[in-house]
Amino acid sequence: MAQDRKKVLVLGAGYAGLQTVTKLQKELSADAAEITLINKNEYHYESTWLHEASAGTINYEDLLYPVEKTVNKNKVNFVVAEVTKIDRNAKRVETDKGVYDFDILVVALGFVSETFGIDGMKEHAFQIENVLTSRKLSRHIEDKFANYAASKEKDDKDLSILVGGAGFTGIEFLGELTDRIPELCSKYGVDQSKVKLTCVEAAPKMLPMFSDDLVSYAVKYLEDRGVEFKIATPIVACNEKGFVVEVNGEKQQLEAGTSVWTAGVRGSHLMEESFEGVKRGRIINKQDLTIEGHNDIFVIGDCSAFIPADEERPLPTTAQIAMQQGEHTASNIKRLLNGESTQDFQYVNRGTVCSLGANDGVGIVYGRDIAGKKAAFLKKVIDTRAIYKLGGIGLAFKKGKF
């Protein structure tokens, strides 16, 4: 009977949550469960493309599509609402649009920027966090060029961009900027030699997930296109002028018209309010992706701190891991609905590619280093495959990179 259907509630339509739902609707009949997906926006956005929209090399509309295009309305109830409280013991979720009970819960609420308490960073630096922040940043950068061109008293600092962080997001954003800056200079008649791009990183090495050879390739590629790197240089504050850094124990002011922070993300702030043992918005999972004490609550994606059985540290938060967790969670939910035991999650690392603009990149694919146009092509394949897995061939054809 319909009233006896178990209530499966999925929070978040990012890579992890949407992958869970799309697999569930493929594998379950309409009367197998009452599936509800709650997301604060009516759209899903490709968060791995945010660096492109932030630089302005793609339009912000290119990276989003309606969630309704991916869900089967006969099997999934999609609700646009913001989650305000998760009561794990009462098995109830509160939103700004109403209250939802659950028998099985999937928490996939995504990430927000983490500034690690650096003074002034939230107030004075742009964050690459979502569609709105990316749109705001790209418009700001173009406005700086337009205003510089129109100004009689020109200040070259208006054309300077500081990027905090030399991890994935920071390097990919810089790569896009090296594509975008020549376009802006041509559009507004600006001398490109006046533009200054500076990347500041506290760690002694950028892109720590890659070999020294790949890092050297990426550094040379970006330096040849005007990027200056300040490695092993911690940012201690951010103000209206730019970053304050520490060099040899002394503080120095780096000035720029645009400051961008890319060096940290954390899981949703709701995690600390809803669960115990949460650090930076992430909770340690059991091997089947549920959490301690709750065999019917799965936490996946950016809110998950999954530690494989033979390892000591949690897996990083990547789209590849999130989608694999989503698929596995859907399979485990099906098992629970059938009265079966869940199975442990096994992550398959197929590789990682970091783009350097549209036509270059570095990466590791099944343990093998790749660089150049081959890496750039593979990045486009990965991006398009993600859309295909979530929305099917039609959406991949419309929104993919080919």
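The backbone N, Cα and C atoms fix where each Cβ goes, glycine too.
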So Swiss-Prot lists G12, A13, G14, Y15, A16, N39, K40, D302, A319, Q320, K379 for FAD; which of V83, V93, V247 goes with them?
V83
Does D302 (FAD binding site) have same-chain partners at least 6 apart in sequence with Cβ under 8 Å from its own Cβ, and which are they?
G14, A16, L109, G110, F111, V265, R266, G267, S268, G281, R282, T317, A322
What kind of secondary structure is G12 (FAD binding site) part of, going by DSSP in three states?
coil
Quick one: pull the CA-CA distance for K40 (FAD binding site) versus E172 (active site), whole Å only.
27
Helix, strand or coil by DSSP: which one applies to D302 (FAD binding site)?
helix
Pop the Cα-Cα gap between G12 (FAD binding site) and E172 (active site) into the table, whole Å please.
25
